[in-house]
Amino acid sequence: MANLKLLLVGIGNPGQKYVHNRHNIGFVILDSLLDSSSVSYQTNSKYSLARTDEDGVTIFYLKPLEFMNLSGKSVAEIAKKNGISPENILIIHDEIDFEFGKLKLKGGGGHAGHNGLRNIVEKLGTNTFFRLRFGVGKPSITSEVPDYVLSNFLPNEKEKIPELVKVSLQKISDWIRERKNGFQKLSDNQ
């Protein structure tokens, strides 16, 4: 039986000054996924990558290390190198169109002005990948969005992040299970 390959991507900006920014919640969630395992990232100048193999499922964990707006290059490279279809990719990212703490798993769709997603769509040549959207809220003045997403979470938000990360991890686990079940059904019918 063939092996199911999945790619989980947390997007954010590299560097210590961005670690606690709203824009980096994708990195936070992806790191939390790996915290409970004995697997660690292998890092080069372009990305950090980890891999697990369990029960016929290979999962790649990717953190592009070029700035968010260039995330698509690493995503496309890892997907192509490992034969991962866009439908088996999950991008974890901040979402300004959602109030803080709202989480939504979505397949396909536009980039809604998110430059990281825009670049991923451009480099993959499709928008059929999945995304876990983590609501970070948004400023009342549109021109303040760049500064807002590069700002740190407020203290009252920061204290809620561990619980929201747990909910995010459950959504990711559910997505993995659905992909695995769908893959097994497809394999059984061949």
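Placement of Cβ uses the backbone N, Cα and C atoms for every residue, glycine included.
Here is what Swiss-Prot records for this protein:
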SITE      Asn13  site 'Discriminates between blocked and unblocked aminoacyl-tRNA'
BINDING   Tyr18, Phe67, Asn69, Asn115  tRNA binding site
ACT_SITE  His23  active site, proton acceptor
SITE      Asp94  site 'Stabilizes the basic form of H active site to accept a proton'
Just name the winner among Asn13, Asn69, Asn115 (the recorded positions) by count of other CB atoms within 10 A of its CB.
Asn13
Listed recorded positions Asn13, His23, Asp94, filtered to Cα within 10 Å of Asn69 (tRNA binding site):
Asn13
Which of these recorded positions is closest to Asn13 (site 'Discriminates between blocked and unblocked aminoacyl-tRNA') if you go by CA atoms: His23, Phe67, Asp94, Asn115?
Phe67
Distance [Cα-Cα, Å, rounded] between Phe67 (tRNA binding site) and Asp94 (site 'Stabilizes the basic form of H active site to accept a proton'):
14
Alpha-carbon distance [Asp94 (site 'Stabilizes the basic form of H active site to accept a proton'); Tyr18 (tRNA binding site)] in Å:
13
In whole Å, note down how far the CA of Asp94 (site 'Stabilizes the basic form of H active site to accept a proton') lies from the CA of His23 (active site, proton acceptor).
6
Where the record names Tyr18, Phe67, Asn69, Asn115 as binding tRNA, the maximum Cα to Cα distance in Å:
17
Which same-chain residues, if any, lie at least 6 apart from Asp94 (site 'Stabilizes the basic form of H active site to accept a proton') yet have Cβ under 8 Å of it:
Arg22, His23, Asn24, Ile25, Gly26, His114, Phe134, Val136, Val149
Excluding Tyr18, Phe67, Asn69, Asn115 themselves, which residues in that chain have a Cβ inside 8 Å of the centre of the Cβ atoms defining the tRNA site?
Asn13, His23, Met68, Leu70, Ser71, Gly116
